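Heads up, the thing below is written out as structure tokens.
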Amino acid sequence: MAAASGEKEEEEKKLQERAPIRRTAWMLANFVVLFLLLALLVRRATAADAEERGVGGAAWRVAFACEAWFAFVWLLNMNAKWSPARFDTYPENLAGRCGAAHRPRKSSCISGHLDLMRRQCALMQDRRAAGGRHVRDDGGPGARAAGGDGEQGALAARRRLLPGRRRRRRRRRLACYVSDDGCSPVTYYALREAAGFARTWVPFCRRHGVAVRAPFRYFASAPEFGPADRKFLDDWTFMKSEYDKLVRRIEDADETTLLRQGGGEFAEFMDAKRTNHRAIVKVIWDNNSKNRIGEEGGFPHLIYVSREKSPGHHHHYKAGAMNALTRVSAVMTNAPIMLNVDCDMFANDPQVVLHAMCLLLGFDDEISSGFVQVPQSFYGDLKDDPFGNKLEVIYKGLFYGGTGCFHCRKAIYGIEPDSIVVGREGAAGSPSYKELQFKFESSEELKESARYIISGDMSGEPIVDISSHIEVAKEVSSCNYESGTHWGLEVGWAYGSMTEDILTGQRIHAAGWRSAKLETEPPAFLGCAPTGGPACLTQFKRWATGLFEILISQNNPLLLSIFKHLQFRQCLAYLTLYVWAVRGFVELCYELLVPYCLLTNQSFLSKASENCFNITLALFLTYNTYNFVEYMECGLSVRAWWNNHRMQRIISASAWLLAFFTVLLKTIGLSETVFEVTRKEKSTSDGNGQNDEVDPERFTFDASPVFIPVTALTMLNIVAITIGTWRAVFGTTEDVPGGPGISEFMSCGWLLLCLLPFVRGLVGKGSYGIPWSVKLKASLLVALFLFCSNRN
């Protein structure tokens, strides 16, 4: 009886607990801002004397429309911040759940992998060692990596090092798949060399309790040790020497030399081109008994994957690479849980898998758990976030962010939670399985692996020799395999948007799966953020383009909320992101009102002597104070707040605006969206985040079209405030009713302050100066605006 009672108590221990975060004061502040916005709208709509004062024209109506849009966006933000919560995880209780895992349970993923979660699990990779997004596939978590072309492939090869903590059972279900979309022999060579280095690196980490498993970070600083640590010092010196040798070998590697002298191991790369090559699948490390590291082994399989590419087939960028990796991992190890991380990220917390498992398995309706997302964090980042790309304040939701995410494979396969319950008994004959047979098409091995995932019973699945499944893996990674199937539509990562990660997460939510956010201390994964103006704005343009594509497509969240299982508040949360491009257009219209009124001697804001001026001033002060305190609460500095505030204006008038017009032109058939890779320039040695720039915190420019609208806006405001000041000083506006007041001048000055990097860029030199081609095109836009303004 006592034993039964103890067993029940052990099983009832919580794996996670949801702790609501009380934000009463914040809610009140939200309503204050909303009230002021509505008051401004009411005042503008009921201003009977507007025509008499000369302010009832187009500027007044445009201002009303823009301010109504701002109120709508504020409502979306209020929804996203309405009921925040954190999840406290208890990984120490996983052992108790493991003991119960041998009995039948409702969970579809508990029986196949929890043995693996008894010990710490760290998935570490050196950014230069793998070429892309990293996929882990184990009987618990799977890890998958989809590789970057060229620059982010070979350069990422040295720093992605596979790790390890010990695994007691089912070692063969732990695997790492690295995708190289560039099909580079140098990337493959780097992975092979990194795996060899891991034979000494992993035991060193175990012996000395090293928590930072990424060697480029660990060796960036000298360790602290005492007189009794002679053995550790010797080991550290030896490992540092071995790592330096590894770095030199990889950096000195040449593709031509490898192909000429590498022998049969590189034969498949001989005629391969980046955009035209056959599928290449190579097992770099097979975790069988003879390859085990140490007495208990635990080092994962390491598989290199370069999916087939052909000029006649659309390869769907990252989504296509992730789908190929999903199929390859399914026919080789078929883990029920998968972790994917980008090529520039490494694991920073060895306990991250345990915490993620607590969230995947810890809910009462755990069968509905779809994914756990770890918010992105960055290493070696510039002080005070000068380019506003860390998203520490706005990115706190439950969206799938494309990296650092633990997925249940069943959710990726496009089925709904209810279908698993229905098909639990006799899964091979259940409707859900028959449907999946149609979706997965020709590969019997892939359909058989899917049967185990859908049934939720992994105990009967044999553990295969992965080397014997290479040909099958090549078959499912061929470019013709997806023809006639539902891959990219209902199965796998979704196609149809440049932000395939957000679209995939939305589809998972619309099917009825739940998600959770995982935040650990230290941060679970660290990556590098783009630096400089071109990289930052290119990234935001790509995001906004993809998000706007979703908004105007059949994947609109409003439709999914009506016809599928997407909750209404989830729908509003997705809309918060999808309207980025529309915000760019609306905010530009509002920003153009200021120079327009200064140039045409009009007014669209209240005069200081009017009662409505208090509403406008209160709204400006309240909103900025709210935003400022929000940054302070996140532990950021005043400078970080200002940098993000000014970058919001710059991004809106450049990246978001171009995304808006890009998608519109694509919609009417005049253009096609082009996937642009974000360049992330980082140090190749010490990982301290510094590059070759004299001042990496300064804004840099190039001839990209993304700089044209902001440059034009900067020039226009300089011209407008100059003309407006001239008129005010020399009294040319005395007899003009409704002329610009202090509000227009202050708004113009505030906007120029936000655009200060572009003001400096107009007179800067080198990469710190705006190219003459951009200045010329911007000048033409300014001239056109002045011409149109004078005609009115």
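Placement of Cβ uses the backbone N, Cα and C atoms for every residue, glycine included.
Here Swiss-Prot flags D181 (among others) as active site. Following the DSSP three-state reduction, the secondary structure of D181 (active site) is coil.
Annotated active site per Swiss-Prot: D501 (among others), in sequence order, evidence recorded as sequence analysis. When secondary structure is read from DSSP and collapsed to three states, D501 (active site) falls in the helix class. Residue environment of D501 (active site) contains 23 other Cβ atoms, counted within 10 Å of its Cβ in all protein chains.
The annotation compositional bias 'Gly residues' is assigned in Swiss-Prot to 140-151.
Feature annotation from Swiss-Prot assigns region 'Disordered' to 132-154.
A Cβ distance under 8 Å defines the sequence-distant neighbours of the transmembrane segment (25-45), meaning residues of its chain 6+ beyond its ends; these are 60, 63-64, 67-68, 70-71, 74-75, 77-78, 81-82, 606, 612, 615-616, 618-619, 622-623, 626. Among the features that Swiss-Prot reports, transmembrane segment is placed at 25-45 (among others).
Here the transmembrane segment (55-75) has long-range neighbours at 30, 33-34, 37-38, 40-41, 44-45, 47, 576, 579, 582-583, 586-587, 589-590, 593, 596-597, 602-605, 738, 792, meaning same-chain residues at least 6 beyond its ends whose C-beta is under 8 angstroms from one of its own. The annotation transmembrane segment is assigned in Swiss-Prot to 55-75 (among others) on the grounds of sequence analysis.
Swiss-Prot lists 579-599 (among others) with the feature transmembrane segment, giving sequence analysis as the kind of evidence.
Look at Swiss-Prot and you will find 613-632 (among others) tagged as transmembrane segment. Listed by sequence, the residues of this chain that lie at least six past the ends of the transmembrane segment (613-632) yet keep a Cβ under 8 A from its Cβ atoms are 29-30, 32-33, 36-37, 39-40, 43, 393, 605-607, 638, 640-641, 644-645, 743.
The transmembrane segment annotation in Swiss-Prot covers 650-670 (among others).
The transmembrane segment feature in Swiss-Prot is assigned to 706-726 (among others); the stated evidence is sequence analysis.
Sequence annotations record features per position, and here Swiss-Prot assigns transmembrane segment to 739-759 (among others). When Cβ-Cβ distances below 8 Å are used as the criterion, the transmembrane segment (739-759) is approached by residues 54, 533, 591, 594-595, 597-598, 601-608, 613, 616, 645-646, 649-650, 698-699, 707, 710-711, 713-714, 717-718, 720-721, 724-725, 728, 733, 770 of the same chain, each at least six residues removed from its ends.
For 768-788 (among others), the entry in Swiss-Prot reads transmembrane segment, with the evidence type sequence analysis. Counting same-chain residues at least six beyond the ends of the transmembrane segment (768-788), those with a Cβ under 8 angstroms from any Cβ of the stretch are 592, 595-596, 599, 698-703, 707-709, 711-712, 714-716, 719, 758, 760-762.
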Separation of alpha carbons, D181 (active site) and D501 (active site) (Å): 18
Same-chain residues near the transmembrane segment (706-726), Cβ under 8 Å, at least 6 residues beyond its ends: 533-534, 537-538, 541, 588, 591-592, 594-596, 598-599, 650, 653-655, 657-658, 732, 740, 744-745, 748-749, 751-752, 755, 758-759, 761-762, 770, 774-775, 777-779, 781-782, 785-786
Count of other CB atoms lying within 10 Å of the CB belonging to D181 (active site): 28
